[in-house]
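**Student:** Below is the structure I would like to discuss, written out as structure tokens.
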Amino acid sequence: MPVITLPDGSQRHYDHAVSPMDVALDIGPGLAKACIAGRVNGELVDACDLIENDAQLSIITAKDEEGLEIIRHSCAHLLGHAIKQLWPHTKMAIGPVIDNGFYYDVDLDRTLTQEDVEALEKRMHELAEKNYDVIKKKVSWHAARETFANRGESYKVSILDENIAHDDKPGLYFHEEYVDMCRGPHVPNMRFCHHFKLMKTAGAYWRGDSNNKMLQRIYGTAWADKKALNAYLQRLEEAAKRDHRKIGKQLDLYHMQEEAPGMVFWHNDGWTIFRELEVFVRSKLKEYQYQEVKGPFMMDRVLWEKTGHWDNYKDAMFTTSSENREYCIKPMNCPGHVQIFNQGLKSYRDLPLRMAEFGSCHRNEPSGSLHGLMRVRGFTQDDAHIFCTEEQIRDEVNGCIRLVYDMYSTFGFEKIVVKLSTRPEKRIGSDEMWDRAEADLAVALEENNIPFEYQLGEGAFYGPKIEFTLYDCLDRAWQCGTVQLDFSLPSRLSASYVGEDNERKVPVMIHRAILGSMERFIGILTEEFAGFFPTWLAPVQVVIMNITDSQSEYVNELTQKLSNAGIRVKADLRNEKIGFKIREHTLRRVPYMLVCGDKEVESGKVAVRTRRGKDLGSMDVNEVIEKLQQEIRSRSLKQLEE
């Protein structure tokens, strides 16, 4: 009979099989009421599943991350319950959990309108408020197939036929008259599923294959309580205000058009931001002793066959032909960097060799996945490749980590989650090589006092990697930085150096990206700052305005003086009211507005205002220039009044 060990080390002895709910009730009615599921020997199970042998048990509640995920999964089933009541002939496909919520793909003989979605959400609330029990039954494969075949659920039958072994026992979850199939676990009662909202609908092909039928995907969000739901909806509202596509149009940064899907047309102000980012990155490359190179954007298909990209990546590559040769427009920079490394004999004394490029890359992303600057087809990578010996890996990774944090801190990103992906089952190289490589990455992180979590088995077949995910002001995650070891590509492309023993050896290659795609990072920054770029990055840093025509000459003199001081400045001499000008440039998020009236001309000063509406009063021109230069030079995130 089972002995149940709880997280605090205490044990409970039973003379019969028990469920997590039984144990929770044994501990106390409060825990039983909060119990959503259990974790038995590390595996999530339903609250009703029986434990027959000795086991470690944790009770899962809505306060746990897993508990929230279960709530969201059960809300997907609730959606299925509601839609079958409203439109009984609907065929249900799949309804998984996603970040912050869930979705369900359905085959429906009508296109859902906003009114339909509102009616569906209303029915979901009506059902959830009944607080009915969710009943789980484990049945044979044949019984499950018969259940769904009798209900006309052809997609569920297809899942059973193609994805579930005949000797398996699928879990069926009954929501009153509605039944769904899932591995689980799910909530034991719908009282846990009161705080949700349906968000939008979209099209989705069955099994993600464009040859299959287009289904309707209904997205929803779900949370453990009303406060969390409202906070999330408020974040979404704020995110909509910060949408880089909207701000990009308002500030005239860039545009995109149908004739070039996923390609960016940079306007002057947007390109100014892009070039400032390049200047910043170049300054760091120099500080961390990188060479900057430039490879061709198109190379013969034969080279991509050697690297393995053609076999594994060709659908995402653009190709063209000339003189009976097929060329691939590069989706990444690494093969070109190996070609540069291969020019001339290399010695161990030449290593490490750090090679960086602002590489123009193209990937044939599906048109439906394109999203402003965040997901494009043509982009510029700020990546680099380090060629080194195995003994140099730790020091080089250390340098990469310092560079990552050095650059992210400049933009004010403080919350960074780090993951270390280890060896997969299918891999190249010896266990000893992987042992050392993984240890080098882990020690480098530890030496920099960086907490991290392992992603076991998630590394590439050619080496382990570190991923850096930064979180913005709305707590959204953006995976940008990577440090990836590669034991394969240098060998495939015949890279070598002469070792200390005079023998030819294959270098280790470290792929290093920090910003990732420059376009995407500008999109991230646009939303992070809501268009209020720090002064050093702002396309126009200062606008100087006159009140009447009599100050025009003074404004022009000051404009030239600030420009000569390296400040991006414009003069606004339009015959408009000063209040109108200030409002317009405030909406354009120009960091500083200098106003010149007769008093300023007489005193040789300027009246200084910020885009946040702060009046800094009258200041000496040279003082303004000196303070602005300091703010720009230091790449400060704060303005003068802060």
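Backbone N, Cα and C atoms are what each Cβ position is placed from, and that goes for glycine too.
According to Swiss-Prot, the domain 'TGS' annotation covers 1-61. The region 'Catalytic' feature in Swiss-Prot is assigned to 243-534; the stated evidence is sequence analysis. Positions annotated as N6-acetyllysine by Swiss-Prot, on the basis of sequence analysis: K286. The Zn(2+) binding site annotation in Swiss-Prot covers C334, H385, H511.
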**Student:** Around the C-beta of H511 (Zn(2+) binding site), how many further C-beta atoms are within 10 angstroms, looking at every protein chain?
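**Tutor:** The answer is 23.
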**Student:** Please report the distance from the Cα of C334 (Zn(2+) binding site) to the Cα of K286 (N6-acetyllysine), rounded to the nearest angstrom.
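**Tutor:** Pair distance, Cα basis, whole Å: 20 Å.
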**Student:** Within the domain 'TGS' (1-61), count helix residues (DSSP H, G, I), strand residues (E, B) and coil residues, in that order.
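**Tutor:** Final tally across the stretch: 14 helix, 22 strand, 25 coil.
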**Student:** Write out, in the order they occur in the sequence, the residues of the chain not among C334, H385, H511 that have a C-beta within 8 Å of the mean position of the C-beta atoms of the recorded Zn(2+) site.
**Tutor:** M332, N333, H337, D383, A384, Q484, D486, L489, M509, I510, R512
**Student:** Drop a 10 Å sphere on every Cβ of the recorded positions K286, H385 and tell me which sphere holds the fewest other Cβ atoms.
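**Tutor:** Each of the recorded positions K286, H385 was scored by Cβ atoms within 10 Å; lowest is K286.
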**Student:** Helix, strand or coil: which one is H511 (Zn(2+) binding site) in, per DSSP?
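**Tutor:** SS state of H511 (Zn(2+) binding site) = strand.
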**Student:** In the three-state scheme derived from DSSP, which category covers H385 (Zn(2+) binding site)?
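**Tutor:** The residue in question, H385 (Zn(2+) binding site), is strand (DSSP, three-state).
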**Student:** Please report the DSSP secondary structure of C334 (Zn(2+) binding site), reduced to three states.
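**Tutor:** Going by the DSSP assignment, C334 (Zn(2+) binding site) falls within a helical segment, counted as helix.
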**Student:** Cα distance, K286 (N6-acetyllysine) to H511 (Zn(2+) binding site), nearest Å?
**Tutor:** 18
**Student:** At the Cα level, what's the spacing in Å between the residue listed as 'N6-acetyllysine' and H385 (Zn(2+) binding site), rounded?
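**Tutor:** Computed Cα spacing between the residue listed as 'N6-acetyllysine' and H385 (Zn(2+) binding site) is 15 Å.
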